[in-house]
């Protein structure tokens, strides 16, 4: 299709006079949207939509003009960068300069330039992504050409008509006006918004529902009034005004959001309501935040202290120089340098100039090489993390991605983890596990074992899926902010879980033999009754419940039947040359309860008074639906049908029913076709549908049963509501027994973490249904209190139900999730789950992944219970948290006991969370949440997720990590200190906004416990080493000032001064900072408690900086004065004495690094040898070839002469030992008498592999709660290899002396005994 370009009328310039008269319009609370085709000829200032944002997006941080100032501002967050710029500018002052100005400026310019180039490249990638997204194609209606033409996304404006086709991604927020679906529905996939691949249904606006012809934009003359752009994904309010004055309400079910994918709908047409950065998806993205690591912030504080030390040293030298000059009085020394004017400088001016000069000379105290080294080490660390094959997922062929190089060390200091649920903890793959029918339980555990057989089939299915559906017209993108644009075939591939053939095979249920026999027996008896024209009431009640149970599973849902060769397209029914799409029946009525009715409720009411067509049971049992007069043929030759559901548990139930040969064949607006064994296809007339919503927590369908001609209500929903709606069991012992047994099995299912649903039915007479339907129609047309009336109407229908049974469905967790959460908890990490899912589902998953413990006291905060009465426990909480009703899930007897902090779990829904995040309540909410072992936030919006993370991070001053996989997690990921995206099958928005991307949640364990620990330990020790090294080298020059009149002279050659940090001592610390491993990966994973070392910043405490500075000054004294006294009475020149000092300083610094190195490799040895060889090579070559480089100094043959003197070698042996002896003694005493947990882990690594594995396996025995403040002391005399048993009132746990390692608090008090146990472990 040729591209059509039209001139944008909104860009036309208004006359100058008009611009002057133009006033800023008042801020309205609503937005008025007109169709652009009605104003194509209007000037820019006359177009009513001119004030609205266009559809062009921009996620970059910089522009051409703002890049330099903004980037420099971000880089100057590092205090050292400000310091270096100041020193470089100071060196341009002639009277105080110490080095050549251009050379002094070069290092800082180099560092700033390298960082700026890196930031520019990252922003360019974002710009390239924006450009690709903005230049994607869509069909926009052109009034001039009277057809839809292709335009770029960025050219779309509010008020444009857009035609959407199957598998296309929505370019903006669009109000649905037309759909090719006969029920005026449009199915969308919202994986990039809520992380779920389940199909969602959206409906055409009511006033356009009954159009018999194709929608014509030229005939559109309505005006839309809607709310201002906001970030609430679950709300859209407004109305459409027609020329006749009629108003029709608009709801969120009428709005298609940007980023969603059209599925199961050939074509749809809508008008753009919000575009670009005003779309709901974009408003939920807070934009990238510049992140600085915690270690970097601590380092900036110590850099500031280095500046203070520097100023003190310079001030001391300046005062000393002034006093030294003052003692000469008027008799100036012959070596005194005159001022530029030829006059003598006063002592005060000399001191001032000397102060500035000493700042330049001592600038190495804050080495610019430190920041270069940190960047190099971080890059190397990221490289080795990428090379870790344990973080490679073979199934998805994806590695860990590190997208932020500046916060790798933060991985080792996390304290709070905020996780999404759907797609992050779970795979969103439902497995039908168990069911109970008529009080009898049937096990389906074999289904879980079947899944492994089909996991490898996904990769084969991905390629075939790309051929299904409409031919791709343009590229599709998985997110707005992502920089990764893929073909629609890849987009389709990413949603394979509910549409692929492999998924259909996963849904093949292994039926329970007993239940299958009963289904076959029931079907046989029904077939016999049909043959002999016997009434169905003679069927035994237990068999009747079984067949009704599976009929309810089959028809009480919104499942769409898909063809096997095109998984995202509906099965079509060919009839007299026409195609009737089979799809679930939905209503145009909306409300908070989302109650759904049939398309023509009035006609249904009319039919109740008409005579039924003849045919009776013969027609009911006909294999061909009676409404198709025999001319209809089903296209079922291509294999089994597949099901597309709004929720995966619906699909699991339909697949389970099909396993028992009760198959959903198709849907029409007023019929559901089901195939039963021995009976063929039955057509159930669909009279009404009451959809599932979070308030009612149930769904019902009203059908006319083809076998009994009775009006039957089938209901399924949460057990917490269905069991209260069951008919009182005192009418019969059998029903009472069924209810009791079902409740018992429901409790067992919940304990296993299964999602439970109850199935029930109710038989209505025609009069009862007609009476209810009249009241329901009145509720639907009410203006005031519509939601309450609809809720009451549904409640009238769904009471006095007959319980059929219950199901237990497993929402499959990703592999290793429970184990990962357990390890992270042992590591001292607090885990909060923030999900948009419903409360029951979230709680079940929390139990399944061991986030919640069945023995925990569960607190639930729900805003809808604000006025409900409460028990003693709730009242005690309300004294501090009065706006919420906090009720306990435990037994009433436990409510009188005080809460135990480490046995609490908190569940809060989104509505309550909105109150809790209020400024006046956030502190109280945080206090309650901190007292709980687990926190679960349900029905959370993306913005609420980010607000929770921000609240915890800012109020508690803790390190936070957020992990998610969908666009709804982007804000949370960007707000956290570290954001992790799951590069799974839910799009790439979370990945592109994250700092790290993982293929699976379980890889978070090694990323944090191993690589995070290593990165933090390496960088912390390297930074401290840098401060020590440079302070030690600067102090050598400082001591010399006492012997040169504080003149700023140095006894070290300028070459050594320049290259000492840049070359001679640079390489070993880079190797150590990259490869050092204080504890092995195996030990770190087996003993997660070692992670607390990073959480408490044990490797970088404030006192460690001062200890290193004191040690540096001590070592510099030793390295200065031992050579000083050795050459005291000799006639050596200045450099012959200064060169040994430089050599001794290098040896001492390298040996110091050796004592701090935990893991020695050949690269460590080579780097040290290379540094020493490089120093002597440069010294020998320089002293031999440059006799008059810096006249009058003469370094000629200095090193050659020193190498010939035995005194030089003696100094090289004695001085480093004397300098390092105190540090070595301290390390030896600490490691022996007061070892840290990490040192104990290092001792464990030194043991033989088999002994170490035995100890690690023993250490996993539970000895108490991780939150227990202290453990009982176990002396070595009582320690036994076999252990002993101790009762804690609930269970017996084996307590071993070696197992006490599982509590870091115990180690803090009893490190010595444990180390002894380690050393004597060979006797076990």
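Cβ atoms here come from the backbone N, Cα and C positions, even for glycine.
Automatic prediction, not curation, is the source of TrEMBL annotations.
According to TrEMBL, the feature region 'Disordered' maps to 1-33 (among others).
Residues annotated as transmembrane segment in TrEMBL: 79-97 (among others).
According to TrEMBL, the feature transmembrane segment maps to 103-121 (among others). A Cβ distance under 8 Å defines the sequence-distant neighbours of the transmembrane segment (103-121), meaning residues of its chain 6+ beyond its ends; these are 61-62, 67-68, 71-72, 74-75, 81, 84-85, 87-88, 91-92, 97, 360, 368, 371-372, 375, 405.
Marked as transmembrane segment by TrEMBL: 303-328 (among others).
Taken from TrEMBL, the feature transmembrane segment covers 348-372 (among others).
Annotated region 'Disordered' per TrEMBL: 457-515 (among others), in sequence order.
Sequence annotations record features per position, and here TrEMBL assigns compositional bias 'Polar residues' to 478-492.
TrEMBL lists 991-1236 with the feature domain 'P-type ATPase C-terminal'.
The annotation transmembrane segment is assigned in TrEMBL to 1023-1043 (among others).
The transmembrane segment annotation in TrEMBL covers 1105-1128 (among others). Note on the transmembrane segment (1105-1128): residues 302, 305, 309, 1024-1025, 1027-1029, 1031-1033, 1035-1036, 1038-1040, 1136-1137, 1140-1141, 1144-1145, 1148, 1152, 1207, 1211, 1214-1215, 1218-1220, 1222-1223 of its chain, located 6 or more positions outside it, place their CB under 8 angstroms from a CB of the stretch.
Outside the transmembrane segment (1134-1153) by six or more residues, the chain places 1025, 1028-1029, 1032-1033, 1036, 1050-1053, 1056, 1060, 1064-1065, 1068-1069, 1072, 1115-1116, 1118-1120, 1122-1124, 1127, 1168, 1171-1172, 1175, 1179, 1193-1195, 1198-1199, 1201-1202, 1208, 1211-1212, 1215-1216, 1219-1220, 1223 with a CB less than 8 A from a CB of the stretch. The transmembrane segment annotation in TrEMBL covers 1134-1153 (among others).
What TrEMBL lists as transmembrane segment is 1165-1185 (among others).
Marked as transmembrane segment by TrEMBL: 1207-1226 (among others).
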Contact yes or no, the transmembrane segment (1023-1043) and the transmembrane segment (1207-1226), 3+ Cβ pairs under 8 Å, gap 6+: no
Folded-back contacts onto the transmembrane segment (348-372), same chain, C-beta under 8 angstroms, at least six residues removed: 78, 80-81, 83-84, 87, 90-91, 93, 95-99, 104, 107-108, 111, 303, 306-307, 309-311, 313-315, 317-319, 321-322, 325, 339, 1023, 1026, 1029-1031, 1033-1034, 1037-1038, 1046-1048, 1050, 1057, 1061-1062, 1066
Model confidence over the domain 'P-type ATPase C-terminal' (991-1236) (mean pLDDT, whole number): 87
